[in-house]
Each structure stands twice: as C-alpha cells, then as structure tokens.
Amino acid sequence: MKLSRRSFMKANAVAAAAAAAGLSVPGVARAVVGQQEAIKWDKAPCRFCGTGCGVLVGTQQGRIVACQGDPDAPVNRGLNCIKGYFLPKIMYGKDRLTQPMLRMKDGQYNKEGEFTPISWDQAFDVMEEKFKASLKEKGPEAIGMFGSGQWTVWEGYAAAKLFKAGFRSNNIDPNARHCMASAVVGFMRTFGMDEPMGCYDDIEQADAFVLWGSNMAEMHPILWSRITNRRLSDPNVNVAVLSTFQHRSFELADNGIVFTPQSDLVILNYIANYIIQNNAINQDFFSKYVNLRKGTTDIGYGLRPTHPLEKAAKNPGSDASEPMSFDEYKAFVAEYTLEKTAEMTGVPKDQLEQLAQLYADPKKKVISYWTMGFNQHTRGVWANNLVYNLHLLTGKISQPGCGPFSLTGQPSACGTAREVGTFSHRLPADMVVTNEKHRDICEKHWQIPTGTIPAKIGLHAVAQDRALKDGKLNVYWVMCNNNMQAGPNINEERMPGWRDPRNFVIVSDPYPTVSALAADLILPTAMWVEKEGAYGNAERRTQFWRQQIKAPGEAKSDLWQLVQFARRFKTEEVWPEDLLAQKPELRGKTLYDVLFATPAVSKFPLTDLAEDQLNDESRELGFYLQKGLFEEYAWFGRGHGHDLAPFDDYHKARGLRWPVVDGKETQWRYSEGHDPYVKAGEGYKFYGKPDGKAVIFALPFEPAAEAPDKEYDLWLSTGRVLEHWHTGSMTRRVPELHRAFPEAVLFIHPLDAKTRDLRRGDKVKVISRRGEVISVVETRGRNRPPQGLVYMPFFDAAQLVNNLTLDATDPLSKETDFKKCAVKLAKV
C-alpha cells in the first residue's frame, strides 16, 4: 500500500483519535498503525498551563514517541501551542533524576556535603529522623510543605490529608499562593464560592473582551486563537487590552491601554462611576441579587510586622467590611472622575471612555479576563472585587457570552491547589480550618478523632520562607515546584533559611532545578503520563489520564512518596493522648493505615483496572489507590455545589465541568436554566452567600509597596514568555524551545536605554534594594515597555530576577506582587 505524506498524517490522526476514544479504526488507519509497530495512543491534558488543552500521546516500547492536539478535546479542538507540540521532550532531558540524592560527607548526611546517590529506604530513614526530631522538640508547627498547582488531584488531596490530619500541621501551602490566591479570596468575598461561573464557550458568544493584566496571546495562546477567530469574524466585536506595557495581545486590540502600575484600581472605580452616571445599571438584576459593602482600607502590604510600611498601616491585614447604601456607594465612586482617572493612570480620556462604554452598553456581552497582572498585586483581592462590581452593576454575569473570568496559570491550580484544600487555611470544597463545623465534617469523613485538624491557619508561602530564616520551621518538603527560583526576594528571605544548618529541606522533582540544588535531599519524581493523574482547569473542567509509560530509574510519583512515607509514623508518635483516647483502636497503626489504607480508600479492587493498564502505585499496594482517594474526596462537594462525577466517567470523557449533577456538567453557574442549584423562578442565585446575593465592594486606590524614586528610578515587572513555562525547568530542556528563546533579556524603552548609554545587546546590571542580576538589553521585540518601566521574564536560572523582587503581598490573599518594585540600571 502506498500513501502520500498527507494521507499518512491524516490516517495517523484518525487512528489516534479513534484509539483514545475506544472506537473502531478504519482499515487504512489500521494499516498505518501497523507499519508504525503499533504505536499506542491515549488521551491526556497538557502538562503546562491552566487552559487544559487535550492531547493525544503516542507511546512505543516504553517511551513517548509522538504527541498531537486532540481533535475531540473541546478546549483546544486539535490545536496545540508551541510548548504543547514539544511535550514528549520535557520527559527526556539528559539530566533527568533517577535516584535519591543526599548531601553527604564521610558517609553521613552533612549540610555542606556533596550530593550522593542513596536508596529510597535511606532517603526515608533520614526524612523520618528529621521529621520525628522536629515534631518531638517543637511540635507540628516546626514542619511544613510547599506544594503545587501541578500536583494531580489525588496527590494534592493526599498531601493535605497527611499534613493536616496526620502530622496535625496546617503548614502546607501550594505555589498557587503566588498566582491564584487573590482570585480565590476575591471569589469568596464577592460570591461565597471559589472559581469562575462561566466557561470557554463564552468566547464564541461574546461581543467584547477586556483583558486586565493578561497577555493571553503568549500565556493562553489556544484561548487567544479562539478570541482572535471571534474578533476577525465579526466587525462589531471589540477587544480591549490593559497592561503596564505593550505586548503581543495589543496586536489584536481595538483599544490598547497602557496605565501606570497600580492605577488599575482607579480605572475600575472610574468605570463603575461611568455606569452609574450614565444610568447603565441593570436595575432589576441589581435590586434582586446584589448587596453593597464598604471595605476596610489602609491594610498594609503583607511584609514583616517590623517593616515601616506595616507599622504605618492602620488596619494591617483586615478584610472587614460594613454595609452601605447605594447613595453612599454612588458618592464613593463619584470621586473617580474622567479627569482624575486620566491624570492618575496616564491613559488618554478617549480610551477610558471607550472602555467604560463597553461595560455600560446593555447590548454588549462582555467578558473580562485577567491573570497575574491582577492577582500578583498588593491589592489583588480588591482588583478582583472591583471587576466583579462592573458585571454585577450591569447584570453581565452567569449568562452565555457574559462574565468575569479569572484565568489560571497552572494545569491544576483550580482542580488541586484550590479544590482539594492544599492552602494553609483551606479544607476540601471551599471549607476552611478555622471553622469548627468544617473541621468536624472532615474528621468524621476521615474517621479520625475530633480535634485532630488544627484550628490555626498554617504558614503561607512567604511566611514559610520567613519562618525557615527565623529557625521556627525546621523540616521543609518542597514538591512539584521550583520556588527557589520562582518565589520573591531570594537573597534576603529564602536562601538564608534553606541553607540554615538548623533546617532540613527536601525537594521532590524530576530535574536538578535551582530549588533541588539548594536542598539537602532530592527525591526523583515521576512526571505527567508516567503516573495516573487528574487536573482541573480554569473552566472547572476535571480531566483524567492513565499512566502510559514507566518513570526512569527509581523515580516515583509524588503520590507514592506521600503514601509510602506515611508508613514511617505510628499514630502515637504524632497524635497526643487525648486524641488517641477517643479512638483507641487506632493505637499502633501507621498514618498509612489510618489515612490511605482505610476501607473507604482501599475498597476499589485492581480488577477495576484493565489487565494491561499501568498503575505502579495501585499494583504495589493491591488496590486502586487513585480511585479510592478521588471518591473519598469527591464526597465533600457532592450536594454542595461542587459535585464531581463518578471516577470512571472521567476516563471516558474529555473532562467534565463541575457541578456535575445527574450526569450533566454545568457551563454557567448561578443562573436559572444553566445551574442545577438554581431553582425555577429564582433567576439568579449566588448560593455561596446565605441570602443568595453577591456583594459589590467599595474599595479605593492605594499605592504600591515600592515605587521608583530618585535613586531606583524604574519600575520592574516580571513575567513569562510564550516559549517557556514558569522557571523553564521543563521547557529549557527542549532544544527547540531553548533555541527559540535561549536566555532572559531586559525589555526597555529605547529612550530609557539611550539616556543610560545602553544599546540593544549590551550587558546591564539590574539592581534593587535587595539584590542584583546581570541581563541583556532588548529595545525591540514582542514587549514594549513605556518610559520608566522595564520587563524581565523569570524562566532563566542564570538570571534570577527574583533576587530583585520585594516580598510584599496582598494582605488578604498573601499573594506576592511580582509586578511592581523599583530598580536602577548600571552598564556592565
């Protein structure tokens, strides 16, 4: 049989799609597959961002040999971005870790020793010794974990269960604290429930798109392709893009707005004022479904209590608010006039009016998208609340083509970090550790003694750094992230604690990252389809995949590491006598026994797996671990607006958007006819709030924690580029992606470069009050900062831009502001 290249590719795609869907394969496609020595195809969500694209993975002889966009995936419809097309190569970097490595000298652990290969038993021996010593000397507050929005659903659930119920420590937090915490608190304050009410299907039905601090063209390129298609197919569709510098998303914008850093708060209040002044309030919606509250102000910047800015704040960390009347709210936003807004933001008046008109026009369906520009902000929660105000004033919410939409940056920042309760203050399904009723629900469901879960909120990400430095946190397990490179203020607040001889730091990772090389023990980790997994994307879509290949060498999944390490602790070693007295039958049992081998978790047999299906963890334990953990976790949300489908349904589908009730997913929450929790005749119901009403908040402009001055005369903003994902620990090991963008550069306005005698390609030292880094001047290209601002990506381990950043956070969400600090430049 002869086939052209075109026919070959087409037949191959058909074979892949059919195999993954469990369908019969046409004869010509079967022949092609046969010629390829039976490549096996299966579905998986992409390993990278929070979009949640579906891919088809081709494996042969124990390796991934091909990958392509899944034509049946509703998110991406067969398309991949540049990173997605190179997914197989992230698995096969030359420096992939294959065995545990401990710092040793003269055959013993030594903080200053060289990394030496050891066995898993030896690794767990050292970890056990360190954990038990700290627990005995200082108690649960001396241990901690920093996890990930890249954990699978059951990995995050197992980690939260092990720390909060097993070790009785709430000192567990995910790296989603650095990217999505402000979105979470914003959702909770306004709606009483986390995560977006809309979905990606809004794109094809919207009349206008407004991007707030979001470069979707590079950070969510597949969604951007759908927006581009919508914009170019209808001349009446509008796109507005707001940022502190021009980037690739501006190329499509009808209204591209560059504003002074932090002044987005002013623009948001101006639009609310415009809506009111032009009688554009949806009075019927507003009167039935909205409450008004005035927020507490002057809340500080999440810095150490001894910092002058914290000392000066009148209400540091306060999230209090009080009811207010409409007239009071009207008077509050009336201060944000067009003239004042233009002056404070640097945005021309006509551009501001054009933007406000999109929201005010009752005939325009508007979607607001935002990512890190909003969230990584010392008033990120306020920014989230203020954009909700615009949609609540106009009623443009919870309907096809209308709504506010917080985009996530990690593949399971929603499905894992947020939903299963891996934040230091959270429990599954939006429950929190400070609520006695919520703790009781968890303790009863987990069949552990009452009072096991601590009521005190644990250490969040930045607080963990500070506690390590201060010697209060002494054993620290970092999983599935590279926080030494990604977190703020490396020199002053992170590195000192990691290298403090009082502390022991473990890093679980597939590669020797900056974090791994700063640790004391490195555990080699299985990644992506080397394990069975589940992610939850930005539109509430939960997606499963099967294990498709084995991990190299002795690399083990995060789930295996957590569950097996739990065997090292008996209940009497971690729980006080008063707890054991409640359930004496738990004496002598290990944390593995009481958390992971319970009847509820272990009841699903291996026969639920196909005979030839890989699943290393379950086959080692003798029961279907992932299914047991998922079903135990899913119980928390069922009947409470977070309903997940039965486990097996997800392996058959291309993901389902919760709540899933009676087998049907939900596209638009809170509205009648779309959401099963909204009854006939209710219209809208924001059922996260006791009265079913959302909240409009009155919140003012407050300045950034640090701004340029005479000495440090430039704003610095950090972020990503299309070719690399986060710290580049995966993408920089893909030769094609590395060649496309080999090193970080400093994007700067040509006039700012000229006044400093700098030219494109020159080496330049970037200096802040905390550190310095040498980069390369770039006056052209994709990012075009205004005068007074420079932009630098953080993917390059040789240019640690977070040596420069300030560890100021939003005081409510504890999320770091990576977008605003002051720097100066010196020619090298």
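Just so you know, glycine gets a Cβ as well, placed from its N, Cα and C.
What Swiss-Prot annotates here:
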- 1-31: signal peptide (SIGNAL)
- 39-95: domain '4Fe-4S Mo/W bis-MGD-type' (DOMAIN)
- Cys46, Cys49, Cys53, Cys81: [4Fe-4S] cluster binding site (BINDING)
- Lys83, Gln150, Asn175, Cys179, 212-219, 243-247, 262-264, Met372, Gln376, Asn482, 508-509, Lys531, Asp558, 718-727, Asn802, Lys819: Mo-bis(molybdopterin guanine dinucleotide) binding site (BINDING)
- Phe794: substrate binding site (BINDING)
Counts by DSSP class (helix H/G/I, strand E/B, coil) across the domain '4Fe-4S Mo/W bis-MGD-type' (39-95):
9 helix, 20 strand, 28 coil
Alpha-carbon spacing, Gly213 (Mo-bis(molybdopterin guanine dinucleotide) binding site) to Cys49 ([4Fe-4S] cluster binding site), which is rounded to whole Å:
17
Please give me the binding-site residues out of Met372, Lys531, Phe794 that lie within 10 Å of Cys81 ([4Fe-4S] cluster binding site), comparing Cα atoms only.
none
Specify all same-chain residues, apart from the site residues Cys46, Cys49, Cys53, Cys81, whose Cβ lies within 8 angstroms of the center of the Cβ atoms of the [4Fe-4S] cluster site, ordered by sequence.
Phe48, Thr51, Gly52, Asn76, Asn80, Lys83, Gly84, Pro221, Ile222
According to DSSP, collapsed to three classes, what secondary structure does Gln246 (Mo-bis(molybdopterin guanine dinucleotide) binding site) have?
strand
Whole-number Å distance between the CA of Glu218 (Mo-bis(molybdopterin guanine dinucleotide) binding site) and the CA of Cys49 ([4Fe-4S] cluster binding site)?
11
Which one of the binding-site residues (Cys49, Cys53, Cys81, Met372, His726) has its C-beta surrounded by the most other C-beta atoms within 10 angstroms?
Cys53
Cα distance, His726 (Mo-bis(molybdopterin guanine dinucleotide) binding site) to Cys49 ([4Fe-4S] cluster binding site), nearest Å?
9
DSSP three-state call for Val721 (Mo-bis(molybdopterin guanine dinucleotide) binding site): helix, strand or coil?
coil
Where among the binding-site residues Lys83, Lys531 do you find the Cβ with the fewest other Cβ atoms within 10 Å?
Lys83
Which is it, of Cys46, Val721: the one of these binding-site residues whose Cβ has the most other Cβ atoms within 10 Å?
Cys46
Residue among binding-site residues Cys46, Cys53, Phe794 with Cα closest to the Cα of Met372 (Mo-bis(molybdopterin guanine dinucleotide) binding site):
Phe794
Spatially speaking, which of the binding-site residues Cys46, Cys53, Phe794 is closest to Gln246 (Mo-bis(molybdopterin guanine dinucleotide) binding site)? Use C-alpha to C-alpha, please.
Phe794
Restricting to the same chain and to sequence separations of six or more, state which residues have a Cβ under 8 Å from that of Phe794 (substrate binding site).
Gln485, Ala486, Thr718, Gly719, Arg720, His726, Thr727, Ala744, Val801, Asn802, Phe818
Distance check, please: Cα of Lys83 (Mo-bis(molybdopterin guanine dinucleotide) binding site) against Cα of Cys53 ([4Fe-4S] cluster binding site), rounded to an integer number of angstrom.
11
For Glu218 (Mo-bis(molybdopterin guanine dinucleotide) binding site), what is the tally of other C-beta atoms lying within 10 angstroms of its C-beta?
19
Gly213, Gln246: which of these binding-site residues has the highest Cβ count within 10 Å of its own Cβ?
Gly213
